[in-house]
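Below you'll find the structure, written out as structure tokens, and then a few comments.
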Amino acid sequence: MPIATTGKVLVSGANGFLAVWVVRAFLENGYSVRGAVRSADKGEYREKFEVVEVPDITKEGAFDEAVKGVDAIAHTASPYHFKADDPAELLEPAIKGTVGMLESARRCGTAVKRIVVTSSTAAVLHDEPTPQIFTEADWDDQAVENVQRDGRNASNVHKYRASKTLAERAAWDFTKTHGATLTWDLTVLNPPLILGPILHEVSSPSLLNTSALQMYNTYTYTTPGFVSGGGCWVDVRDIAKEAAGGERIIISREAFWWQDWLDATPEAAKSKPKYQKGKPGSQKDIIPPVSYDASKSVRILGMKYRDMEETARDVVSDYEERGW
């Protein structure tokens, strides 16, 4: 961040899976943090930082008070699920929440110097018949077109991907429109599936967010076929790091199959009945359909990513400590 460590950072969605790690990283590096949450009760698990209520991020001026007096903003609040019937359930909070944050920063955030928006590789990839390696130059206009054409009948995956694509495009368009009048620069981070240990309080696995629940189900699900899927991933702790201004940056490790995570399970846990084993090594030679070129993150941010074995070890240890 281009601010002194005595500065204050606003983190939206501050009680989310990713955001709590972002909050912790800022606090550990000396920053003070203002966390924006939908209700104050949800923010009380972290008493070391200031909490501000933003009940509805789609409302005009929702972040006006939250941005006052902060030096930087990490915007992580956006819906992530695959249960929307009406595409607007995802599109409106994603787009209005992002643009609303930028507009509030433009009008009321006189001290803001940088805004980091967490987008997704969902705004990058598109469906191809052969395996592809995507870069920051790619956009998922395909999902947008499908949702515009099919509406409620579009796939839930495309609804989500369209929400991330449109929200990110709206953010970049905002900076182009207002240009030199802005006191801050914009960075967009594009992670794939975010995995890793859970920092915030969760009383039951059923209450986990979408990506964390996918990982939990992989380890404990009883249907072997479930592990045949895959994607790309990044450890949640690797996203909560410094960012460079004015850049779109993919933050990603290698592609995976869920079987790979079972193969990476610590030996001590493999003997426990609750952790499924799948078919060890069964997908080692299958080329994943999607992967990302994350060289920009290494070149600009100096990223050193955690490997699968470390993340798997820490996730399983987290389950054990929680009694799951």
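Keep in mind that glycine also has a Cβ here, set from the backbone N, Cα and C atoms.
Residues annotated as domain 'NAD-dependent epimerase/dehydratase' in TrEMBL: 9-216.
Per-class residue totals from DSSP over the region 'Disordered' (269-289), listed helix then strand then coil: 2 helix, 0 strand, 19 coil. Per TrEMBL, region 'Disordered' is recorded for 269-289.
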**Study point:** Overall pLDDT of the domain 'NAD-dependent epimerase/dehydratase' (9-216), taken as the mean
**Key:** 93
